[in-house]
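Residues annotated as transmembrane segment in TrEMBL: 7-28, 48-70, 79-99, 105-131, 143-162, 202-224, 258-279, 299-317, 329-347, 353-378, 390-410, 422-442.
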Amino acid sequence: LKPLLKRYWSVLPITWLLHLGLGLPISISGPTLPYLALNTGQSLGQVSIVYTVRSIIVCVTSIGVGLLLGRLSSSRSKLLLLLVGSFLGAGYAFLTPIANSPVTLILAQCLFGIGCGTVDTVNNMLVIFLFGPVLSRSFSHSLHFCVVIGGFLAPVLAQPFLLQMGDISGQTGSQQTDVCGNAKNVSANSSQPDVDLAPLKWPYIIVGSLHSIWIIGYAILLAINFQLVKFQSVSEKQADEQAVTVTSPNRMSRRRTAIIVGLFVLFYILHVGQENMFWSHLYSFGICSRRLKMTPADASLLSTIFFVGFLVSRAIGIVISRLFLPAKILLFQLTGCFIATVLLAILGESSHLAAYICCGMYGFCIAMVFPTGITWLASKIEVTGSLSSAWFIGAYVGNSTYPLAAGYLIATSATGPVAMMYLAAATSAAYLAVVGVMFFIAR
């Protein structure tokens with residue numbers, strides 16, 4: 001490990017910063033979504049289509065980039081892909097707050113979809129390419145830990161601007177209902193204070209400006225023609241000298257491999273879709289709940305607590321991934337997710353305290369699942385080539401459907417926003433069953 005760290009000390013910090021930069025725009029859209037709905041004249045359910053569009057673009061991009069990586073062997077091509085992805089992420093951040101129509105907002109999401117799909121696929125492949133299927137476990141967790149740092153900072157960054165903009169309750173995209181889908185009840189002699197959308201641009205401008213850091217970093221690596229060498233060619237000699245055996249994925253039949261990959265994609269559809277409901281609509285859940293009746297400050301705190309649990313768990317995962325097998329970590333985390341989502345379905349709207357505790361618990365339990373799943377798959381099959389996009393296909397199919405469903409459930413369900421938690425609990429039961437079958441076949 002030490003020779004590898006010495007060689008790639010300049011690449012890792014930029015890679016970590018870039019993944020922090022992914023977490024910021026992904027998370028910032030959650031608390032700002034109701035205000036983006038107002039800015040474009042849409043309801044919360046209607047504006048949630050942006051997640052579907054973005055995820056479809058990410059999914060298609062991930063497939064294309066995954067196939068491309070199987071044919072690109074030069075270091076320059078990989079670094080160039082990361083540089084282009086960073087530029088597109090910055091473009092999304094600057095375009096989103098000035099989007100005053102659904103078409104412009106969708107265009108901004110397309111930019112981010114291409115950038116995110118490129119960066120996420122290349123970087124997750126790159127850590128396995130550079131460090132191998134075993135040593136890469138901690139580095140894979142560290143990448144996703146950085147995403148969560150960005151996710152944690154986003155609602156904190158947005159909160160002062162949200163408070164300046166005001167409460168969205170009663171504000172609308174239609175004549176009969178407000179943004180949350182509740183029937184208006186405003187008398188002729190009363191007036192609903194307007195929301196000031198001017199501060200909406202500032203969190204996005206900050207996020208876009210931060211992208212210049214890693215854009216400069218990758219530009220420097222390209223300028224000096226930095227070389228990225230595959231794991232075996234760098235460390236095989238050191239491993240032999242130290243009598244270290246580096247495990248590699250077992251060879252499987254094509255049919256068995258195809259079944260495992262198919263189940264893995266289904267697992268990622270379910271768990272990433274569920275996770276992204278919380279990233280994208282937890283703030284709206286708090287604001288729109290008829291029982292909780294959270295203020296913007298309360299809803300921001302709800303999102304922050306979720307990300308604190310997420311952040312702590314991802315940090316622990318960097319260490320845990322070196323001590324326990326991926327399968328054991330997955331079973332522990334997924335069982336915790338099931339318990340947390342069932343509690344949210346039952347107690348989520350009973351009080352602010354119950355919502356805070358259950359959302360923090362869910363954030364802690366779901367956090368290690370994404371990177372641990374990747375390292376588990378890497379221990380079974382080769383994933384640095386055309387299969388490097390396998391998890392992203394599942395992830396972004398889930399992300400294209402679940403947030404959209406959550407938006408409509410919050411705005412139109414007869415049971416109110418808690419319907420989102422019912423969907424989360426059912427999903428937890430489903431992916432536990434899928435993982436059980438997947439482990440059985442891969443044993």
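Count begins at 1; order follows the chain as displayed.
Note that Cβ sites are derived from N, Cα and C of the backbone, with glycine treated the same way.
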Stretch of maximal Cβ-Cβ contact with the transmembrane segment (202-224) [cut-off: under 8 Å; candidates 7-28, 79-99, 143-162, 329-347]:
79-99
Is it the case that the transmembrane segment (299-317) and the transmembrane segment (48-70) have 3 or more CB pairs under 8 Å, with pairs at least 6 apart in sequence?
no
Stretch with greatest number of CB pairs under 8 Å, the transmembrane segment (422-442) reference, 7-28, 329-347, 353-378 candidates:
329-347
Would you mind listing the long-range same-chain contacts of the transmembrane segment (258-279), meaning Cβ under 8 Å and 6+ residues beyond its ends?
26-27, 30, 51, 151, 252, 306, 334, 337, 341, 359, 362-363, 366, 369-370, 373, 377, 380-381, 387, 390-391, 393-399, 401-403, 405-406, 420, 423-424, 427-428, 430-431, 434-435, 437-438, 441-442
With contact taken as 3 or more Cβ pairs under 8 angstroms (pairs 6 or more apart in sequence), are the transmembrane segment (353-378) and the transmembrane segment (143-162) in contact?
yes
Stretch of maximal Cβ-Cβ contact with the transmembrane segment (7-28) [cut-off: under 8 Å; candidates 105-131, 143-162, 329-347, 390-410]:
143-162
